[in-house]
């Protein structure tokens, strides 16, 4: 045991001179005698400061957005130095950060889904802002702007939030049938993604009240309650987001909370005199140069385009729904919302179609 402890201490001492590794390699600075001894860390006497927006930056699906980031030296060092810029996206589940891009001067490399969509804007001498084009739903979240000058390394975080809507979803086979991975897939099938906590909280603050628990993007299971009641945590609990915490992603089964943003196209309604079956509805949309709308399309058109239709219509998942902006007699409850008839195995209805712009 003593030998093991001694070996561990020797290893720590021998490695203590190595700089912290943050994704870049630094040149090792040696003394002028060439005898392998450290010359020491070079410090230019100026403090590197990195600043991003303190307020969230808002955007929407398909837009272009700039995440501001500026750096400076205190005191100012004059001419621009050859610094390195690294942007990364922080994950909701606090796992390893997702690399977005690395830049040195005019040379840069983008990673993963950001390839071809991201670049650095350097309109001024000390700017390191990130430009993302054709914003995707998954781009929502926190981003780290990191500036490296030799051994100096400073960073700050900016929050990108997509304007969108959260909707609860359960499949045709009923309540609490989805494990985490299935929940991810059903949201994607409906033109959406699993919502994160900030998106669910925003939806709750705007009035979402839903007693069924659903998966979120970080693997937790939660649900929003505006009006406390016995089946939903009890009447004595305050309104808020109820949480089951992290659940087993394979074994546990719940519903899903999906998030989608402003539509990239238009949603319109078609009908025949005697209605249509689901297959006839799909064909009618194709004949109109469109596709049958997904649930996410209908929710985003209701919220952002003011789609209001008291006629029920088929959607791609086999459900029948209709959007109401202005509640009125014979059109459901007194609150605005997307009404659902469930997943009828029979029946003839109109159809909501979606056409990309």
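Yeah, the Cβs are placed from backbone N, Cα and C, and that goes for glycine too.
Quick look at what TrEMBL lists:
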- 211-232: disulfide bond (DISULFID)
- 310-331: disulfide bond (DISULFID)
- 46-158: domain 'Ig-like' (DOMAIN)
- 165-260: domain 'Link' (DOMAIN)
- 266-355: domain 'Link' (DOMAIN)
- 1-15: signal peptide (SIGNAL)
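Taking the disulfide-bonded residues 232, 331 in turn, the residue surrounded by the fewest other Cβ atoms inside 10 Å of its Cβ turns out to be 331. For the domain 'Link' (165-260), DSSP puts the residue distribution at 22 helix, 30 strand, 44 coil. Counting residues per DSSP class in helix, strand and coil order gives 6 helix, 60 strand, 47 coil for the domain 'Ig-like' (46-158).
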